[in-house]
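A quick write-up on the structure given underneath.
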Amino acid sequence: MDWGLRYWASSLASPSHDIHDGQFYASDGPSSQISHNADWIHEFSRIAKAGVIQTCLVAFVLVWTAIETTGRYSSFVNIPKTDKTVRFNLPYEILSQLSRGAAFAFTLFNGYRRHQTWYDALPVGLAFLLGLARLFATPKWQRVSLHQINFLLFASLATLATAYLLPSLEIKPDEKVEKAMVGAIATLAFASLMALLTPREWTPPPIVENTAVYKHILEAQPSPEETCSWFVHYFSFGWLTPLIWKGWRVQVDMNDVPELPWYDEPSLLLDRILKVRERCRTTMWTVLSFQRSEILLMAFWIGSSFALELVAPFAMYQILSYISAPGDAVLDPVVWLVLLFLGPMGKSITMQQYVFTSTRLVVRLKSAMTQELYHRALSSMELEDDVINDIATRGSKDQRPQSTSAGRLANLMASDVDAVFRARDAVIGFVGVPIGIVISMMGLYKIVGWPSLVGLAFLVPSMALPAWVSSMMSKTQRKVKLAQDSRISLISEYLEAIKAIKYFSWEDAIATRIQEARENEQKELWHVCLWYALLGQLGEFIPAISLLLIFSLYIGVLKQPLTAPIAFTTMSVVMTLRRNMGYVSMISRTLTNAHVSIERLDKFYSNTVPLAQYPEGPLRIEKATFRRSKRAPFFLRDISIDFVEGGLNIVTGQSGSGKTSLLLSILGETTLEEGVVTRPSDVAFASQTPWLQSETIRDNILFHAPFEQARYDRVIEACCLALDLEELPKGDLTEVGENGTSLSGGQKARVALARALYSKAPLLILDDIFSALDAKTAASLWKHSFCSDMLKGRTIVLVTQMPWTASQADLAITMEAGTVKNIERNIGAVRTAVELEYGATNSEELAGEGTSTIKAAVEPSVETRAGTPKAKDDEISDEMKASGKSGRFTFFRYMLLFGGPAYAILAIASTIIADAVLIGTTWWLSVWVNAYNKKEAVNVAFYITIYAAFNVGTALLNGLSALIYNRGAWLAARKLHRKLIEGVLNVSLGWWKNVPVGRVVNRFSRDVGSLDSQLSSLVQYTIDIAISIAFRVGAVSSIMPIFILPALCTVGIGIFFGEMYIRTAVVLKRLVSSSQSPVFSQFSGSMAGLAVIRARHNMPQTFRDQLAERLRAFSRSQETSFNLNRWVGVRIDFIAALVTVSAGAIAVWKVGFVDAGLVGFSLTNATNLSSLILYMVRFMNDLEVELQSFHRVEEYVKLPAEDEKDGLPRSSHGDSEHPEETSLLEVPGDWPRTGEIEFRNVTVRYDLDGPDILKDINLNFKAGQRVAVVGRTGSGKSTLVLSLLRFTHIVSGQILYDGIDITSISRKRLRQALTIIPQEATLFNGTVRTNLDPSGTIPAHTLENALRSCTGIASFDFRSSSSSSSSSNMGSTDASVNGAEAIDDTNSVPPTEQTPLLSSSSSSTAIATTNGSSTSNSGSLSLDTRVQAQGENFSHGQRQVLSLCRALVRKSKLMLLDEATASMDYETDRGIQVALRNELDAGDEKSRTLVTIAHRLRTIIDYDLVVVMGGGKVVEVGSPAELYGKKGVFWEMVRFSGEGDDLEGVLEGMGV
């Protein structure tokens, strides 16, 4: 397998020969050959003894030392003085100096005895003197002199060995070596060995100006990699041995992983790549310039490796020549045995150094490019179009799937950055392969003459075929990237909204949509597999045909016999060419992937737009026009506002009028087309949809600011969080979960507000913070925050729908259709609490309770802040525990997924047959060679035909076997992905509280990617190599039976080393995957809160530092994982080299007893066996490591579905047409018939072992009633509704829905029977149709009727398909409605700003105009109107209207509203209530029940029944009139709401 240049090297020993009668003869006869071959030895010795080399060495080192000492060009001139500098190890230094002195003494003594060799002592003496000076010099001089000393030692040793030892290697040497010179060489060798074994002195990083970037470097301690000896660094990677030994005994963790060297520090890498990006612009040149030293070093190592791999073939050829003619040998065969060992070891060391350097490049590129993407995302506006994927559809008429910005960024980080660094092996193709091919062809020409040129003439043009296949692969790979983006975007988007999916029981529909995207991806992946298989076949056939051409011409035209040296050497050279062609195939695949990814990255970087940077000053806008993006139809125009500095500025207006757009414009999140804006540089922003980090409540409030106890207490009190913290199990140290999943909507809003209040930003931007709060909490928050000195001196811009706030504002702004309708200044406005005479007592109570709670909650503040850095390790540990451990033979279970046991057996059988035929190829060559030795006529046509058949059969069978494995892996990946998405969609919501979405996305990207590509190849290679080893051991042992002993011993030792390695490597693999999940989580989490992060001064840099911290852990584990492979690799290579030497020694020992052809057959297989042992251990280890991906996917596949925890069987996930068949209780198909609900003594908990949330609830909602549930935040309102959906645990009592206990049926069936309109409307990327009905089962007319019934709400205007068609005949359309401009390009991205009216991007809704352009009907929308991720092209009110439409199309008997209209203006709220009333009143029988959670009492004042909750219990029940008449809690809420007069008027109108 690795026999590149075997015969070319032999020409050094036999440079002049002719081919005659199939034998090699010297030009002047045998004796002349021996004499001539001996001449080069004596010539080399003479040159080494001449003294020129020694003199040049001394002169060179003196000049080198002078240059370094002066410091002008010194590489050490910029090294700072530091107390952490590692001085030399004194025992090592003394021993080294003694050996140098002994060598100097021996050379002086030898020069004294032989006067002509005194110059041998010059370089040795200089090394001795430099060593003496080093003992007493400064640290800088010690570093300067070290390299000169070592250089002199190694050069002197090589010179003396050439001069005196080389002639003694002849079988009959002319002279013996003097004992003094033997002593000199021995001591020099010992001194050189000590130089290799002495620990290196740590060199601190150079002094730099930017200390902020390099703070981690300057504080870092030396890593083991930086201080280990040269032997450990280059030969054994022994700095990892302590880790290996510990991993052998116990499981290692992150604390055991070696620290990063300073030159791999993430912050340093980011700083460097940003500077390079400024110069180079394109990604390719950025990467090449950023890591140019590593790339050049890789080129050196791989070039050396490809050259050194020919040493062993040369030695094998000489051994075969010795066996054929022992009397003609010049050098002792021990020399060739030594070279047979040193050749593979030299190749191993250089190859391992190449891989070591390349994996260091991987770590650096991953860290740097990930940070660069994050840096650009934090400092740029979101891309207004999916330009990244445009390159994947160039020239294609197919409509590409849409992807989200977060999904695209996640895929760029997870997939495209990986594809870039995976192309690092292009260095092999551009440097190693050409060197191997050129030298191999030179050797081939030396062997067979001009027929080799014919083979080369066939080989070179044939390379065009693989090049064409590679270009086709590149096109297919673009489609794969596009499909991956679409899938990851879907998964990220849906998993972020998992709660909404479960609300509507859409798990099956969503799984189907994701699987459709997955099938598109797999279709392209299969095409890539086919192209790759064709590429592999070309790599097999082209060298085989070339070999047959050479053999045919050599035997048929030159009429030469095929001898063993010629046959096996020629075959080894062609095998080298085949391997090189395989490298080309492999590299072409990675290069095509990298090419596509580089294009995508360039598209991203070239299309991002920096955020608007406004001049610093008081908040003021003058004649400004803003647009969300350059192509957005909605814009704010002619905006001129002089905000009151240090005062309260309130913004009101209808939904879609541009309120949120105004706030985003102040933040710089929109495009300023004209006008002037000034604002403070530090802004605190609380968005309409609260964004929280997956940390504790306290960490979210502090937001990386220092902890101040008094300030913190006041903020908690002002935001009315004291009671909430008291109810939480860990107070303010409670983890909020992914985006606050463990908190209620009101709690999330108040924590986000507390974050803004705690900051010291002079400007606060608050977007509708009261919408999620009940009236009493809102009033209390207003009092403690806005009516106190909490916000004194700070400018507040508040968007709100609260009518009583405008009169108390310093400035009231009314927005309408993207313009400022009215500005009202209230000079001398005084803010007062709402209904103070009724609410004072309660407020004081609230404040009093809050104070004690705060003190209890914040006590462990010091410990918490000190413990924060450990949080990242905890994240990794949690992921590690979740990942668990996979079994050794898990791959058998994986192979069963190929298609069952029969398919797995077929795959293994194909490998056995292919390997048997491959062995047969070499065996037949030995039979052919031995036929010439029988002195009989040889039927060349017969032998060459059989040999050709073996080669063709090998190629075809290898290709067939690869297709079988690839097809099986393709099927397995499809099954696992389907089960994986079903597993995570059907698991309970409680599971998601402790699992970040980024961790799950990591399984879908990285781990599924492994199933798609790497795992199947490793399974095939491992099985293939195991079978090949068995065949080769058997083949060699059948000819040389004694060989089985060293073979089995070396295989056993190799397996032992592999077992030591694998125990640590598997844990490191899990650490790598686990430490990458926090990186994914920060990426996805930050993208949702970009506006909040970017508003704060220097906060983006804080988040960059946080990402660098997480990448530091990831880089540590990844770099160590890579280096562990090097540790085991060099040891297995050592064992493998011993196998080859054993076979060679046995062959020399049995000279004359075994035919040369059979010896060639044995040595060929033994040489291959040595490589196979290495690959066997490596692939076994890599397989077990990579099986972690399979295990991690399988782990989520086996997640228990919600009903499984209650003893219900796992849902069939769509395989059954009737999901209710999986429930314990079969319910009729028409259930429920009414919406009657009854609570019987119900007690509810969120966790089975947690506290009671609802206690002893008894309620009865009659069919057709409209029921309101009210109460302060945290009173249990949402829990009551969630219990109807069974998101809680009913620990006692019953909830009856239409007479059936809801715990007796499956959750999926229950949720299909009711509908909820949640507080936060969730829309998905797609169309209006797919958002209303993801399953696609509801008729279009039903969907259209629902949209039609909502027309007029929040500027919502529906256009049916029929009206759309008829409207196409109209001559013109209104180009602007409510200030929104129409889009004139149907291919443009839908508007990204909240617009009151939207245009469909679908061609079906386009209206053709007379001039040939297409214009959407901007005054309406249809089922085909495009919806962006999270409904970004809809206003908040329009999203809720679409959420209402979802409820209407389901026709459920029970409808639940969870504060759905809290953030709406009153007109929108009234429109939604009217639409609901019309829907409930439709039909002859009023059987549909509506249950509404409301903070806005005006919404529910005319309801049939009101339930007042408090402390998890029912406080009051009755009609609004009854409860108001009792003057209880509800009466107080009415008076406390700020709308008391209006509500009393409504109640009086009802007859109260």
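Here the Cβ of each residue, glycine as well, is placed from N, Cα and C on the backbone.
Some features that TrEMBL has for this protein:
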- 47-67: transmembrane segment (TRANSMEM)
- 118-137: transmembrane segment (TRANSMEM)
- 149-167: transmembrane segment (TRANSMEM)
- 179-197: transmembrane segment (TRANSMEM)
- 295-316: transmembrane segment (TRANSMEM)
- 296-593: domain 'ABC transmembrane type-1' (DOMAIN)
- 426-444: transmembrane segment (TRANSMEM)
- 450-469: transmembrane segment (TRANSMEM)
- 528-555: transmembrane segment (TRANSMEM)
- 619-842: domain 'ABC transporter' (DOMAIN)
- 894-920: transmembrane segment (TRANSMEM)
- 905-1184: domain 'ABC transmembrane type-1' (DOMAIN)
- 940-965: transmembrane segment (TRANSMEM)
- 1039-1062: transmembrane segment (TRANSMEM)
- 1134-1152: transmembrane segment (TRANSMEM)
- 1203-1230: region 'Disordered' (REGION)
- 1203-1221: compositional bias 'Basic and acidic residues' (COMPBIAS)
- 1237-1536: domain 'ABC transporter' (DOMAIN)
- 1360-1421: region 'Disordered' (REGION)
- 1385-1396: compositional bias 'Polar residues' (COMPBIAS)
- 1397-1421: compositional bias 'Low complexity' (COMPBIAS)
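With pairs at least 6 apart in sequence, the transmembrane segment (894-920) and the transmembrane segment (940-965) have 3 or more Cβ pairs within the 8 Å limit; the two touch.
Same-chain residues lying 6 or more positions outside the transmembrane segment (149-167) and placing a CB less than 8 Å from one of its CB atoms are 41-42, 44-45, 47-49, 53-54, 57, 61, 100, 103, 107, 120, 123-124, 126-127, 130-131, 134, 173-175, 177-178, 181, 184-185, 188-189, 191-192, 195, 230. Highest Cβ contact count with the transmembrane segment (295-316) among the listed stretches 426-444, 528-555, 894-920 falls to 426-444 (criterion: pairs under 8 Å). Within the chain, the transmembrane segment (426-444) has long-range Cβ neighbours (under 8 A, six or more residues past its boundaries) at 4-9, 11, 295, 298-299, 302-303, 305-307, 309-310, 354, 358, 452, 455-456, 550, 569-570, 573-574, 576-577, 580, 583-584, 587-588, 590-591, 594.
Sequence-distant contacts of the transmembrane segment (528-555) (same chain, at least 6 residues past either end, Cβ-Cβ under 8 Å): 444, 448-452, 454-456, 458-459, 462-463, 465-466, 469-470, 472-473, 476-477, 480, 561-562, 566, 570-571, 574-575, 577-578, 581-582, 584-585, 588-589, 940, 944, 947-948, 951-952, 954-956, 958-959, 962-963, 966-967, 970. Across the residues of the domain 'ABC transporter' (619-842), the predicted structure has a mean pLDDT of 84.
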